[in-house]
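Structure record follows, encoded as structure tokens.
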Amino acid sequence: MVLLAAAVCTKAGKAIVSRQFVEMTRTRIEGLLAAFPKLMNTGKQHTFVETESVRYVYQPMEKLYMVLITTKNSNILEDLETLRLFSRVIPEYCRALEENEISEHCFDLIFAFDEIVALGYRENVNLAQIRTFTEMDSHEEKVFRAVRETQEREAKAEMRRKAKELQQARRDAERQGKKAPGFGGFGSSTVSGGSTTSMITETIIETDKPKVAPAPARPSGPSKALKLGAKGKEVDNFVDKLKSEGENIISSNMGKRTSEATKVHAPPINMESVHMKIEEKITLTCGRDGGLQNMELHGMIMLRISDDKFGRIRLHVENEDKKGVQLQTHPNVDKKLFTAESLIGLKNPEKSFPVNSDVGVLKWRLQTTEESFIPLTINCWPSESGNGCDVNIEYELQEDNLELNDVVITIPLPSGVGAPVIGEIDGEYRHDSRRNTLEWCLPVIDAKNKSGSLEFSIAGQPNDFFPVQVSFISKKNYCNIQVTKVTQVDGNSPVRFSTETTFLVDKYEIL
């Protein structure tokens with residue numbers, strides 16, 4: 001048996017993914033696949049067709065074909081057995097036998113095809129072996145990773161212990177009326193998650209560099225951020241110890257890229273034929289001395305129906321809001337029905353909702369100056385010292401039912417004074433020298449982690465650290481409004497539906 005190519009194509013002969021096992025040009029394989037639909041005889045139940053030069057062995061898969069192109073003298077029974085294995089491989093990687101899904105997983109399919117056939121000849125493998133080979137599962141790699149994770153945990157514990165010692169030394173020095181030595185960025189050792197490398201690199205603060213790159217390295221003058229005082233030797237010894245345990249100490253920019261690359265994206269929503277998107281956006285302005293100047297929140301329920309048989313439905317809305325939200329339905333929605341029974345349905349029950357389009361059926365608005373309504377309070381306390389400012393920032397979650405993700409608190413910094421010296425910190429930080437900002441990053445703020453603080457020192461005046469800006473995203477909405485049930489107008493039978501909830505920031509400032 002000599003297998004020339006394996007391909008998944010449409011019924012019109014358009015190639016979606018194709019793997020050639022012998023040398024063959026793209027024009028040649030596209031021509032063979034384009035000719036394939038014209039050769040099939042719908043009146044016969046054969047699963048192969050032949051031309052003067054090649055044989056097509058195929059299997060229909062809904063709107064697609066799995067096609068093997070072989071030489072004419074190949075064993076047709078072996079070809080059919082190989083075709084069945086190819087057809088079983090595709091559902092392993094694709095959730096649906098559709099063109100978009102095949103294209104999205106084309107490389108996974110090609111890797112699997114290569115495990116089945118090598119140089120035109122069938123390999124003696126089964127489906128389980130193909131799955132194992134493509135996953136490249138290795139016991140040695142698992143052992144190595146386990147050892148690596150243990151070393152990282154030990155290094156983090158050592159860093160936390162060292163940070164506490166340095167912080168205690170600083171407090172003792174302040175009690176005695178002495179200036180505490182700068183401790184660099186070791187406060188960032190309390191970071192949760194991410195690689196150890198990204199945490200350690202924050203302790204290495206770059207000095208101001210000359211603008212001319214090719215010039216020989218020259219000292220640019222002492223930098224306050226590098227004055228580690230009597231503790232400098234201990235810091236160097238600690239970094240050397242981490243290196244001996246297998247840690248790579250790299251530049252701070254590389255560390256930032258590493259920590260950013262490790263962010264895990266949320267999995268895609270599994271959308272049903274009836275899908276609802278609940279979205280809220282908040283605009284908030286607070287004063288630095290306390291007091292809510294303005295808070296405005298806008299929310300909306302967007303309905304999307306992808307199957308016209310579910311066009312005539314009603315949404316059961318549960319409103320547990322106690323903050324005085326103003327609700328407004330779409331003009332085509334029966335307002336009396338919503339007011340009396342909290343049901344969203346069309347005024348004319350014989351009509352259907354639009355299909356394959358997002359329709360806003362309910363929106364709400366909340367505007368207030370009540371401080372107790374602030375979801376996340378931020379207190380920034382800059383105090384002038386002899387060499388600049390000591391800044392303390394605290395956050396506290398006031399809405400315990402919320403879970404805020406990817407929280408970033410951005411503090412402006414004065415320009416031309418170098419990097420800040422970080423003391424205590426919950427979470428991690430990034431210093432953007434181009435935009436002169438310090439970003440305090442917290443992966444999650446919830447009822448278990450509802451408060452935290454950041455301390456840093458830098459030259460400047462108290463007004464230099466405002467306005468403080470906040471951004472976050474949440475999968476729980478602020479105004480507890482949910483769709484609990486969807487039923488059809490006729491028969492009141494329940495309908496499966498999916499919901500996607502997002503609560504995000506439009507503008508969140510402390511002036």
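A Cβ is built for glycine as well, from the same backbone N, Cα and C atoms used for every other residue.
Positions annotated as compositional bias 'Basic and acidic residues' by Swiss-Prot: 168-177.
The predicted model assigns the domain 'MHD' (271-511) a mean pLDDT of 92. The domain 'MHD' annotation in Swiss-Prot covers 271-511 and rests on sequence analysis.
Annotation comment: Swiss-Prot describes Ser223 (among others) as phosphoserine.
Sequence annotations record features per position, and here Swiss-Prot assigns N6-acetyllysine to Lys233 (among others).
Swiss-Prot lists Lys241 (among others) with the feature N6-acetyllysine, giving similarity to another entry as the kind of evidence.
Feature annotation from Swiss-Prot assigns phosphoserine to Ser244 (among others); the stated evidence is similarity to another entry.
Residues annotated as N6-acetyllysine in Swiss-Prot: Lys309 (among others). Sequence-distant neighbours of Lys309 (N6-acetyllysine) (same chain, six or more apart, CB under 8 Å from its CB) are absent.
Mapped onto three states, the DSSP output places Lys351 (N6-acetyllysine) in coil. Swiss-Prot lists Lys351 (among others) with the feature N6-acetyllysine, giving similarity to another entry as the kind of evidence.
What Swiss-Prot lists as phosphoserine is Ser493 (among others), and the listing cites similarity to another entry. Long-range Cβ neighbours of Ser493 (phosphoserine) (same chain, at least 6 residues apart, Cβ-Cβ under 8 Å): Thr487.
Sequence annotations record features per position, and here Swiss-Prot assigns region 'Disordered' to 168-196.
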Under 8 Å by Cβ from Lys351 (N6-acetyllysine), same chain, sequence gap 6 or more: Arg312
